[in-house]
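What Swiss-Prot records for 2-25, 93-100, 154-162, 234-293, 371-374, 425-442, 493-516 is topological domain 'Cytoplasmic', and it gives sequence analysis as the kind of evidence. What Swiss-Prot records for 2 is N-acetylalanine, and it gives a large-scale study or a structure entry as the kind of evidence. Feature annotation from Swiss-Prot assigns transmembrane segment to 26-46, 72-92, 101-121, 133-153, 163-183, 213-233, 294-314, 350-370, 375-395, 404-424, 443-463, 472-492. As annotated by Swiss-Prot, topological domain 'Extracellular' applies to 47-71, 122-132, 184-212, 315-349, 396-403, 464-471.
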């Protein structure tokens, strides 16, 4: 039996039951994040291999390694591209619409993933320059996926489960990290079985077989597959009803799009004077009215994301160095080039399975019950505690009998970053800003995070060399504590509609007839 009710498009979105389309949107948007994290984190697995292939010094007592500057560039150049892409595509998503630029980011990621693996030349300089060039543009495409995926998912979702939906999209980052390790394990195992060689300590020249040059290229190019496979479905997604109604001022089209995907019949009857009232309340980005309403919120989302990413990316990108320092990974001399890649990938995969991935999905399960702010405070607090637990008795953890304990505590920092601020810093900016600048503000917040990632990727190894691992861990603990304090500048968004949070429209401003 059909019941006729007066309501709004926006209210219909907020009260809509979870349907198959929501699940489809999570998968399609999430596969972009799967690709993002695979491409960003896989580089940390292959840098040791690149050093052996291109920077081996004949007769040296230790395997070749990338020079510090080149290592930092290879690890961090994608973040520079991501930083620019987040701001550029964030603004474009508000100007042109979410859908119109959503497919472009995926195409850039696909093309540049392939080109990264096809980096030109054989001499070290040429290979590194072309690799960095394509990884910069890969990062540019990845950057666009952050504000667009978050904004699209928040605008599609109902208010009851919105946090879980956005967290599920972001949770694909964990699956991407896991996949990066798994693919590296598989490729290195296959090549090791087909092209075995002796450990470096036994035969330095022969420990890196010529075929190793194919290994890192294949691993990088695999990142193009998930992006390519979901391109068609991403282009089939309609523009979000919130953007169409509130920004494009086309209530009829918004009603039509909603009718197709959410199983409700809507007759749009929004009058022009209603839409004019919405427009009259508009204010520009960084206007005085924006700063009064949302200035502190933007400061909070940007600063907490910046601090989180310093710790998160330095931990991820340099965990191989940390594990080598404490002796959890064997000495590089005792392995050939492909075996070393295998062992690094194995360590990352274990950490991903035991702490990284579970953390993401704890967030999915609890965020709409606990709220965003509590989870973020808890995450920063626990990361601070575990970092101090590693730093204070650092010498204790370096003893052979205690190394597993170090790895366990280190894993907990990953768990609480993902069941904590790594997820919530992505979610909150997609909820608290008006629709007409939502994508831009999310892009600014995310770009602030990537600035932190660049600080982490370029600065972590320098800090360790200058201050030692123990003092560096103290600094990371301090960064997490500061992130906890700045969390109090953001509002709790749990259980509230996007329009209630942004204050951009009243329920009666856009009226439709809904038949359920």
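Cβ coordinates come from backbone N, Cα and C, glycine included.
Model, not experiment: these values are computed from the prediction.
Here the topological domain 'Cytoplasmic' (425-442) has, by DSSP, the following mix of helix, strand and coil residues: 14 helix, 0 strand, 4 coil. Proximity of the transmembrane segment (443-463) to the transmembrane segment (213-233) is not established, fewer than 3 Cβ-Cβ distances being under 8 Å for residue pairs spaced 6 or more apart. For the topological domain 'Extracellular' (122-132), the list of distant contacts is 50, 54-55, 70, 73-74, 77, 116: same-chain residues at least six beyond its ends, Cβ to Cβ under 8 Å. Contact check: the transmembrane segment (350-370) against the transmembrane segment (294-314) gives fewer than three Cβ pairs closer than 8 Å, residues 6 or more apart, which falls short of the contact criterion.
Tertiary neighbourhood of the transmembrane segment (472-492): same-chain residues 296-297, 299-301, 303-304, 307-308, 310-311, 314-315, 371-373, 376-377, 380-381, 383-384, 387-388, 390-391, 394, 421, 428, 432, 460, 463-464, 501, selected by CB-CB distance under 8 Å and a gap of 6+ residues from either end. In the topological domain 'Extracellular' (464-471), helix, strand and coil residues by DSSP number 7 helix, 0 strand, 1 coil.
Applying DSSP to the topological domain 'Cytoplasmic' (371-374) sorts its residues as follows: 3 helix, 0 strand, 1 coil. Among 26-46, 72-92, 133-153, 163-183, 133-153 has the largest number of CB pairs under 8 A with the transmembrane segment (101-121). Residue counts for the topological domain 'Extracellular' (396-403) under DSSP, helix first, then strand, then coil, are 7 helix, 0 strand, 1 coil.
Each of 72-92, 163-183, 375-395 was scored by its Cβ pairs under 8 Å to the transmembrane segment (26-46), and the highest score goes to 163-183. Against the transmembrane segment (133-153), stretch 72-92 has more CB pairs under 8 A than any other of 72-92, 163-183, 375-395.
Remark: secondary structure over the topological domain 'Cytoplasmic' (154-162) totals 4 helix, 0 strand, 5 coil, with classes taken from DSSP. Across the topological domain 'Cytoplasmic' (93-100), DSSP assigns 7 helix, 0 strand, 1 coil. When Cβ-Cβ distances below 8 Å are used as the criterion, the transmembrane segment (375-395) is approached by residues 304, 308, 311, 363, 366-367, 406, 409-410, 412-413, 416-417, 419-425, 428, 469-471, 473-474, 476-477, 480-481, 483-484, 487, 490 of the same chain, each at least six residues removed from its ends. Taking Cβ pairs closer than 8 Å, the topological domain 'Extracellular' (47-71) reaches residues 123-124, 127-128, 200, 204-205, 207-208, 212-213, 215-216, 320, 332-333, 337-338, 340-341, 344, 461-462 in its own chain, all 6 or more past its ends.
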